[in-house]
Amino acid sequence: MTTEDQTISSSGGYVQSSSTTDHVDHHHHDQHESLNPPLVKKKRNLPGNPDPEAEVIALSPKTLMATNRFLCEICGKGFQRDQNLQLHRRGHNLPWKLKQRTSKEVRKRVYVCPEKSCVHHHPTRALGDLTGIKKHFCRKHGEKKWKCEKCAKRYAVQSDWKAHSKTCGTREYRCDCGTIFSRRDSFITHRAFCDALAEETARLNAASHLKSFAATAGSNLNYHYLMGTLIPSPSLPQPPSFPFGPPQPQHHHHHQFPITTNNFDHQDVMKPASTLSLWSGGNINHHQQVTIEDRMAPQPHSPQEDYNWVFGNANNHGELITTSDSLITHDNNINIVQSKENANGATSLSVPSLFSSVDQITQDANAASVAVANMSATALLQKAAQMGATSSTSPTTTITTDQSAYLQSFASKSNQIVEDGGSDRFFASFGSNSVELMSNNNNGLHEIGNPRNGVTVVSGMGELQNYPWKRRRVDIGNAGGGGQTRDFLGVGVQTICHSSSINGWI
């Protein structure tokens, strides 16, 4: 055995060389742990975990709840404990005996709950003292006899009721809604309900706002008009360019009034035109788009263009009558431009949509074209007379705005043509026999325009709106009907553009 490996234990220490340093340190650490063992905490017995060596006692509910288990045979007074009864017997000069503690250790007792469904009914979960099992049975399974007068809370154990009465009303719990509670459990229950109600109310309010926004967005018009300018809505589909049928090849002239904007880019020019000609359907390109301001200036035109402006192409007068008839029939789909004076004295325009349902008008126009494709000029004039007679059936009945505008435009253009000396060409557009028909029925047409027959037409849209009772009849010429035609519609000679109108629109 070498000196490097030997150890000296006389003094309890170690003498070692450098080669045995690691081994000695490890041994010293183990010895230190053996001298100072770790502290072990003593675990408390949880409620319902009694000593397995304890005596288990099961009492009936009646015996357990009895307040006076020990009775005096002299006076009948009852006591909860036997020791109290023995002391009472001493007052009656009766033999009494108190229990003496012996040196022998007494076996511990535990009590089980008489309720079979209770968790403490099992012996392994029995409670350790008689008072504890009594209070447990009263609180969990007994009747709550004591009631607090302040908060109406009830208790089954009298001691609990007394402890609550001392602190009841001294502390309050206030909810955000303003309700005050003295009991914390009631406050917690109410607060949970109040928070859930607030969240539900916020959700319903958000849903109602979203629904109203959707309804408002859905009620917007397909087209918005601003100062006589047609602006298609970006969120809604645009109507087709031909609401009254396929386009017909014809000459575009100066009397068509497509509603266009003055400032437009190249993309707007390349798009299909969504404007609607006043009397005939057809496409117009960007070279033929004319602003409304340009219509104020006089421009040269031929009488044939005047006929086409009113009736379309003379070769297609059957289709023209169909279009005119559909315009008169569906008067609820055509709204004439109305002018309003604002506070500054300027004139602004409120132009509603020119048509409500394009598909419906197209179908109705096609159906009407089959029925009246061969309608003659006489039938057209009779239809105009019937329309005037219908509008004057009662003294308070007036012609609608759509019919008035249509008749005014019809009479103004026809009278202008007659004054220019083109009456033969005017009636020739209806057919070969239209001139003879007009000359033969001259007296009859004059009777239609007679005010005594009750057929009068308001001469201006402003008078129609502001003074519906004011009607007047304008005769052609200063001589009182001294021309080749008669004012059989009673609208008089009236131009389209007025000095009080804006952009040439009434």
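Along the chain as shown, the residues are counted starting at 1.
Note: Cβ is positioned from N, Cα and C throughout, glycine not excepted.
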Swiss-Prot feature zinc finger, matched against 173-196, 197-220, 221-244, maps to 173-196
Quick test of your reading of Swiss-Prot: among 47-69, 70-92, 300-322, where does it put zinc finger? 70-92
Which range is zinc finger per Swiss-Prot? Of 146-169, 362-385, it is 146-169
What else in the chain is close to the region 'SHR-binding' (183-195), if you only count residues 6 or more beyond its ends and a Cβ gap under 8 Å? 151, 153, 173, 175-177
Whole-Å Cα distance, Cys151 (Zn(2+) 1 binding site) to Ser60 (phosphoserine), is 34
Taking 8 Å from the centroid of the Cβ atoms of Cys148, Cys151, His164, Cys168 as the cut-off, which other residues in that chain fall inside it around the Zn(2+) 1 site? Glu149, Lys150, Ala152, Lys153, Ser165, Thr167, Gly169, Ser182, Arg183
How does the model score the zinc finger (146-169) in terms of mean pLDDT? 87
How big is the Cα-to-Cα gap, in Å, between Ser60 (phosphoserine) and His164 (Zn(2+) 1 binding site)? 29
